[in-house]
Amino acid sequence: MHFYTPKSVLVALAAVNTIGAYAGLTTCSSSSEVLSCHNTTEASDLCCFNYPGGSLLQVQFWDTDPSIGPSDSWTIHGLWPDYCDGDYGEDCDSSREVSDVETILKNQGRTELLEYMETYWLSDDESSNEFWAHEWNTHGTCINTIDPSCYTDYYENEEVGDFFQEVVDLFKSLDTYTALSDAGITPSNDKTYTLKEFQSALGDIHGGYEVTLLCDDDTVYELEYYFNVYGNAVDGTYEPAAPLSDSSCPSSGIKYPLKDSSSKSKRATRSHSRRRRQ
Ligand SMILES: *[C@@H]1O[C@H](CO)[C@@H](O)[C@H](O)[C@H]1NC(C)=O
């Protein structure tokens, strides 16, 4: 038996609000927008200016040990706000931490988004739902322009849904696998590539800017696209930017292995942790 509690009524109203004309993030007037990390005077409207996390990184995995996700796509790690100098904050608002992103997205009617995330946003060592909660709690809460105070008719967790939608939209605009294969860089268990080859291919979808390419020994497993943003982090304009941290891949001999389900068994033999950040 299901009872309509005040809470479920609120959730239902919240779902209606997502299409309401005046609900959502307060509009940023484009004339007053300054590119994040590029202000020369004090920026006063912190709902329309990403600060101090003015550098936003869209981070992607190429997980082959074990293989994670479709064999012809990189997968999503997250969207991280860094300060404009490579340093960063984490866990910025414990009062807005969540544990069940799946239910939040379902309650907001974002089922297509959730289905996409189930294919393209996966962890190699925890459940997807735990991984998504970690990404929100650790990084999402540090994006100042999606603070609840920046919303009209805010409902609980509205910014959480907006965050996940934005990360997915950004990821879809950064098709690493295709950019690489268009340049002849395809996964292989024999061939190797140079860092220059990677950077040139990825610059084609990133305004000519380099990315931070991360390797475990000489095997690529992750990359970071840096952006600065005009306006807020959801409705604003993302401008490609130069990386603020160094690639850890060698200049040549980079391995870009095939994803292969049989590699799952190799995981236990991994001898060291490769993750710089999560
Ligand atoms: C940019 O804006 C922020 C936020 O208002 C401010 O703290 C910072 O000092 C500004 N930077 C410059 C160079 O004025």
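Cβ from N, Cα, C; glycine included.
The signal peptide annotation in TrEMBL covers 1-23. If you look up TrEMBL, you'll see His77, Glu135, His139 marked as active site. Annotation comment: TrEMBL describes 243-278 as region 'Disordered'. The compositional bias 'Basic residues' annotation in TrEMBL covers 264-278.
A map of TrEMBL features onto the structure.
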residue : record      : Cβ within 10 Å
His77   : active site : 26
Glu135  : active site : 23
His139  : active site : 28
Would you mind reading off the Cα separation of His139 (active site) from His77 (active site), to the nearest angstrom? 11
Whole-number Å distance between the CA of His77 (active site) and the CA of Glu135 (active site)? 8
Coarse DSSP state, helix versus strand versus coil, of His77 (active site): strand
Three-state secondary structure, which DSSP defines for His139 (active site): coil
